[in-house]
Amino acid sequence: MLLSDEKESISIICPSPKGLNLGIKLQNELACTLYIKDASDGYISDFLGNKNEKIKVYGKEFNLSKVTKEAFDTSSKIIFISSTGIAVRAIAPLLQGKDKDPGVVVVDLSSKYAVSLVSGHLGGGNEMTLKVSEILNAEPVITTATDTMGIIGPDILAKKYDLIIDNLKSAKYIAALLVDNKTVGIKDEYNLIEISKGYERIEELNEDSIWVTNKIAYLEKENLDYSKILKLIKKDLVLGIGCRRNTPYEKIIKFIEDSLKKYNFDIKSVKEIVSVDVKKDEQGIMEAAKKLKCPFRTFEREKIKTVQDKYERSEFVLKTLGVTGVCEPCVDLASAKVIISKIKHEGMTLAIGVVN
């Protein structure tokens, strides 16, 4: 499945030529890739010609397992035009987990039903089912428990508000409480989430609740069982980094991890790493950004000069780079507020900022 920050890609798999019209209609509406098996007389190939490179027509060489594997590797959502049984057997060997699998929808050949089969929430299968149903005037079939009860599942909350689920087991635990008609508290440090059926806002974190935060632990209370708390992490931290040329990645990432831990910030909350323009090819920082799954951006020194006077002055940096600081001014230029001023360690500097 594609990573969440990659462009959405949809694939339609049609193992029978009888699904041609449905496949073409969906392909036109969704601008996606259609894999279809041709009849032995080559009618589909003759009908389509080479008009659309996104329509892949196969003859006797059509292999459902291979086509499904290709779709899984390249798509965030997959639509089968087939029986549910065919789709289940095709995807079964490829399933990894609800946080990794693409959303899978099945449409029968008569387009009577559109069934959300796999990854209805995190993979967007339920949402795609509704979209397909609208296009084909089919009946949507969605069986996830919270949806049938009219409750927004915790995984949908995370997706809606662009939050990261810290632990899937905790998400399942909270979902089970909701299905059991228990009210789940939400401790929301950002006041992001609109309270709806099954939830209530709480001021103090308790077990059997959701915590929206960028922190590692809730320091105001001891002995909390975090397996009974779903932490939804907001990516809102900007790290400004300075270092000597060719500082090893291992040294940089340990500095980041230790600093965030010291100030109780969850490493998953890092939204961006920033530095001065001369560091744009600094391998250690680039690898750290890759590890943290966040972008790395640099700023020109002329821009740094416009904000540098707000922060601690370094004569060494002025002598070597022509600016009086790197990490704090770069956080500022990234439209973040510096909340942890420059930390120095073995030739490296780090400032932590939060996006407003």
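Backbone N, Cα and C define each Cβ position, glycine as well.
Database features, via TrEMBL:
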- 67-147: domain 'Cobalamin synthesis G N-terminal' (DOMAIN)
- 153-217: domain 'Cobalamin biosynthesis central region' (DOMAIN)
- 237-352: domain 'CobE/GbiG C-terminal' (DOMAIN)
Q) What average pLDDT is reported by the model for the domain 'CobE/GbiG C-terminal' (237-352)? A) 96
Q.
Could you give me three numbers for the domain 'Cobalamin biosynthesis central region' (153-217), the DSSP helix, strand and coil residue counts?
A. 19 helix, 17 strand, 29 coil
